[in-house]
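Q: From TrEMBL, here are the annotated features:
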- 321-335: compositional bias 'Basic and acidic residues' (COMPBIAS)
- 337-352: compositional bias 'Polar residues' (COMPBIAS)
- 303-360: region 'Disordered' (REGION)
- 38-81: repeat 'ARM' (REPEAT)
- 148-190: repeat 'ARM' (REPEAT)
- 1-16: signal peptide (SIGNAL)
Amino acid sequence: MKNKKILVLIIGRVCALRHLTARHPDAEVAQNAARLKNGIPVIVNLLHPPSRWPLVKAVIGLIRNLALCSANHAPLRESGAIPRLVQLLIRAFQDTQRQRSSVASGGSGSIGAYADGVRMEEIVEGTVGALHILARESHNRAIIRGLNVIPIFVQLLYNDIENIERVAAGVLCELAADKEGAEMIEQEGATAPLTELLHSRNEGVATYAAAVLFRMSEDKPQDYKKRLSMELTNSLFREDGSMWQGDMAAMPPDLQDFIAPPEGHYDPMYAQGPPSVHAMQHGHAGPNYQGGYDHVPVDSMQGLDIGSQHGAPGSNYGPIDPRDLPPGHQDHPDLTFDQQIPPQPPRDNNQMAAWYDTDL
């Protein structure tokens, strides 16, 4: 009982910090205070055992918010936040894949993997969202590239949860800013799903997909670039005017630069004709993209089996197989989480940046 009270207390404080560090009048002050008071190492340490999933989920959201302050990138990196977030992503992703396979093969259980009342899809979204913000910094991008996690980001582009599609496309957008990252993304076969996502009704998903495709085309022939530019325009400005109200001026400035041709007009030969270069290279039918999922109310602590142990109902957070971990991570003495409790594009426009971010 005492341990449960401690856990509730810690989660409450982490959630308070999480709300204070994003979309709050004092968010910038709070983000800086966490660093100036040497709180970042303490916060990152809460991602490790014996913390349980409800606390881990709240900490992931807090780290993502702290990363909105560029001055926090180095302390978060030095505290080992990036490899730990990748470890958690791999574990949650594997749990969701196993659950989906079980349901697809006729096994019992509903779609969605849960542990301690926390849905693993939420951990996937949260970790990718945090990595997305951290990837705005070049040193962080290099670390992420070295952790062999880009294949998972690409697989998440096929996810049927729109929020996960968005953060996956977002982190790939940042990683594609470097030539090495763009090449790795292309090698993982991302062109086909990204091309499908151009037609997403979610402006964020479509915009990120367009940005990644543009960055991947940097070293491509001019003919390829022109055809891609035309496809981006046709996809982002549809006849029904549903995307950006059909007005280029309503788009983020960086994407305007992506799709606007330097000469100010398109060659008529590209206005009509055969299918796009992507469609010719990749025959692909995308999944049926649907809306997001309902978030488990961590703040209210409803439905959370805080005291459940490994193997008990609602807890599938077992030991992580070292073979599942990315190369280069820092091994932690205990990755089992078996113990009970501990001893979210444009950066200069706050309104636009808030639209891009994921509220965790």
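Including glycine, each Cβ sits where the backbone N, Cα and C put it.
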Q: Count up the helix, strand and coil residues in the repeat 'ARM' (38-81) according to DSSP, in that order.
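A: Helix (H, G, I), strand (E, B), coil: 30 helix, 0 strand, 14 coil.
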Q: When DSSP states are grouped into helix, strand and coil, how many residues of the repeat 'ARM' (148-190) land in each?
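A: DSSP composition of the repeat 'ARM' (148-190): 30 helix, 1 strand, 12 coil.
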Q: Give the mean pLDDT for the repeat 'ARM' (148-190) on the 0 to 100 scale.
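A: Across the repeat 'ARM' (148-190), the average pLDDT comes out at 96.
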